[in-house]
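Inspection log for the structure reproduced underneath, given as structure tokens.
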Amino acid sequence: MNSGAPGKLAVGKVKFFSQHRGEVNSSAFSPDGQRLLTASEDGWVYGWETQSIRLLWRLGGHTGPVKFCRFSPDGRLFASTSCDCTIRLWDAARAKCLRVLKGHKRSVETVSFSPDSRRLASGGWDKQVMLWEVQSGQMLRLLAGHQDSVQSSDFSPSADHLATGSWDSTLRIWDLRAGTPAIFYQELEGHRGNISCLCYSASGLLASGSWDKAVHIWKPMTNSLLVQLKGHMSWVKSIAFSPDELRLASAGYSRMVKVWDCTTGKCLDTLKGVLEVAHACTFTLDGKLLVSGAVDEVHCSTKPCRTP
């Protein structure tokens, strides 16, 4: 969707990526939108060229289902997490595993890179958040306090704070500045269900999606809830701000993707009926909305949506 005046979403293309041997658990676009990662229950990480649908790689190494995947902001690396309790860091150009990060005691469900791609945060079923140095693979901090599984994470634009969402229905914002204790955090309450996804905007607003079918937009600096977005029929799987921060896209664990006005909370448009489950949504720099998800248990699709 372009960053100009709001218009109706139009499905530009639907493409099918059909070589998975198990359910697709998550997917992620590269920063330039040219590549797509898919994490599969079959234990493999797949990389695709979005325009040609060409399979670039099928990467093994994990000894359990792959739960989550994400590119670094500079596009040079990507990370995958698994039920085998590890995070794998990969070189995106060579499709080579650089290192395996070990420390979690149960399945790792989320991973996020700092804006400069130098640090990595992970969380999972052991209720712990771990902060890593990407270059060395060294664990820098252990952040404990959530009362249930940590399912989502994102760094603030300044990288001074890390937001995490948990099945304890809370968001925590950890202060990562030098000299602050590892237990120092803010807690944002308001959701009535598990926190399933979150993301920062470029200016520092924080959006969160939940099993309560709602999306909240927060101003973390003041601990204030700015707007609640309601209208999904199922829990919210993925969210993304548009480059101008005027709109937010949200993908539900259903056939529905919505685009919202961040100021008024009004739903501008709804796209439904193309995907069985929408896994990930993201905006390109020119305002195009890319969505990926599952058509059935083994197929993954992407479609760019924009105003005519």
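Glycine is no exception: its Cβ is also placed from the backbone N, Cα and C atoms.
Automatic, uncurated: that is what TrEMBL annotation is.
According to TrEMBL, the repeat 'WD' annotation covers 17-52 (among others).
Summarising the annotation, TrEMBL assigns repeat 'WD' to 59-100 (among others). Same-chain residues lying 6 or more positions outside the repeat 'WD' (59-100) and placing a CB less than 8 Å from one of its CB atoms are 22, 25-32, 35, 37-47, 106-117, 120, 122, 124, 132, 134, 137.
Distant neighbours of the repeat 'WD' (101-142): 64, 67-74, 76-77, 79-83, 85-89, 148-155, 157-159, 162, 164, 166, 174, 176, 182; these residues of the same chain sit at least 6 beyond its ends, with a Cβ under 8 Å from one of its Cβ atoms. Annotation source TrEMBL lists repeat 'WD' at 101-142 (among others).
A Cβ distance under 8 Å defines the sequence-distant neighbours of the repeat 'WD' (143-184), meaning residues of its chain 6+ beyond its ends; these are 109-116, 119, 121-125, 127-131, 191-204, 206, 208, 210, 218, 220. Here TrEMBL flags 143-184 (among others) as repeat 'WD'.
A Cβ distance under 8 Å defines the sequence-distant neighbours of the repeat 'WD' (188-228), meaning residues of its chain 6+ beyond its ends; these are 148, 151-158, 161, 163-167, 169-173, 234-241, 243, 245, 248, 250, 252, 260, 262-265. Annotated repeat 'WD' per TrEMBL: 188-228 (among others), in sequence order.
Averaged over the repeat 'WD' (229-270), the predicted model has a pLDDT of 90. Feature annotation from TrEMBL assigns repeat 'WD' to 229-270 (among others).
Residue counts of the repeat 'WD' (59-100) by helix, strand and coil are 0 helix, 24 strand, 18 coil (DSSP-based). Sorting each residue of the repeat 'WD' (101-142) by its DSSP state yields 0 helix, 24 strand, 18 coil. Per-class residue totals from DSSP over the repeat 'WD' (143-184), listed helix then strand then coil: 0 helix, 19 strand, 23 coil.
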